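K.L.:
Could you have a look at this structure, given as structure tokens, before my questions?
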Amino acid sequence: MAQFGFDNDIHSILKLDMPITNAPMARWQRKASSSMSTSCANTSALSPGKSGNRSLSLSKTPSKTPGKNGKTQCTPSKAGGDRFIPTRNNKQMDVASFLLSKENEPMDTNPSAATSENQKAWSVTLNGYDIEEAKILHLGGKPLNAPEGYQNNLKVLYSQIPTPVSTKKNRYIPSVPDRILDAPELRNDFYLNLLDWSSRNLLAVALHNSVYLWDATQGDIVLLMKMEREEDYICSVSWIKEGNFLAIGTSDCKVQLWDVENQKRLRSMASHTARVGSLSWNNHILSSGSRSGHIHHHDVRVADHHIFTLSGHSQEVCGLEWSPDGRYLASGGNDNLVYVWPGVQEGTGQGSNAVHSFNEHQGAVKALAWCPWQPNILASGGGTSDRHIRIWNVTSGSCISALDTQSQVSSLKFAPNYKELVSGHGYAHDNVVIWKYPSLTKVAELNGDTPLSENVQIGPKVSIFC
């Protein structure tokens, strides 16, 4: 009996070490099984090659985060994220790979200047840009600046909405004169050229038989010269390019040359048989046009100043203008013609034959202007019977465009800072107009208080627009 009881005890002890087949699953086993099933469900749902139900993974109990009040708050987990895929072409990828590999290479401590220049030239030729200045990542477009006083500058770096700073402001063009100068005894004659502005900011004004200089910087007015006879008068004034000498054409058929710094007359050149109404400088060559229709070239360096004469116009020459490069001289006359003459060739008799003769104008041509950025472009303006501005290509001899201004064109000038053409008008509008070039669309119109005369002055006054 005792032996039977001992066997039962041994059997019960051995039975505890054997696995329990019908017992419930342990807690650690349940946790491991739950995490593995969740991972497998997410993998099968996000993998493109396997079919799975994503709702199974999203239906799991979310993790719990304790709140401030002791209660638990549910925070759902994210199923995926947003990706940034840069847009780069193959050339940029190759350059980026080269730059990354180049960082591991030892640097040349003493490269020669010639080798560096050659490498830069090869890089520009092969790649289109210098490889040393290339970037691994390149962002297209320039970020806009934040408005003034804005706190969060990073928020508007890549905004497409224009800010007040980035918005281009319109150009200010004054509608009233900045200065009005009294000009008594200013001759109201369309064919004369009585105003000229120097490179030193001096304005020369011819009043009857006197020439006055107005310093635009200081505001001083100086009487430069006065003709001896009361019946004589000034017909034209023209500054040399440097602005230290002034040429004066008179009614007694002479051309005077004055040193404005010393207020001294250097010489008086006589060669014409009628009044000299137009002047134009080309370095040391001074060209003068007279009522006889002749144009004379003067070399102001020598005693025998008269080089030769250009004969083409049948009536008074009222417009003369040398091109900026000195290759051509344009002349306009009361015979409605525009001539283009070749430049002066020293030591030869060439240059007396016109390159072109334009007869499209129906009125006297006084206004002439050469384009500073296109030396072969000439603008001309007709008088009261014509009223047109015409643009010429002197290389081909063709008229590019023509514009009816509905008013007498008395002067033309290309703006140096903008691609614009400025015209001064007499009868009937008496104004100054700014035109966009080459479209010849009107930009602005400047009007004075009283009618403008033929020299873009206001009656007995001179108006200055800044």
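From the backbone N, Cα and C atoms, a Cβ is placed for every residue, glycine too.
No curator has checked TrEMBL annotations; they are predicted automatically.
Positions annotated as compositional bias 'Low complexity' by TrEMBL: 32-45. What TrEMBL lists as compositional bias 'Polar residues' is 50-76. As annotated by TrEMBL, domain 'CDC20/Fizzy WD40' applies to 181-450. Annotated region 'Disordered' per TrEMBL: 27-87, in sequence order. What TrEMBL lists as repeat 'WD' is 227-268, 310-341.
Could you place these features in context, so I can see how deep they sit and what lies close by?
P.N.:
Counting residues 6+ beyond its ends, the repeat 'WD' (227-268) has Cβ neighbours under 8 Å at 187, 192-200, 202, 204-211, 213, 274-281, 283, 286, 288, 290, 298, 300, 305 in the same chain.
Below 8 angstroms of C-beta separation, residues 190-193, 274, 277-283, 287-297, 351-352, 354-359, 361-370, 372, 375, 378, 380, 382, 386, 392, 394 of the same chain, each at least six residues beyond the ends of the repeat 'WD' (310-341), sit close to that stretch.
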K.L.:
On average, what pLDDT score does this prediction assign to the domain 'CDC20/Fizzy WD40' (181-450)?
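P.N.:
Mean pLDDT across the domain 'CDC20/Fizzy WD40' (181-450) comes out at 93.
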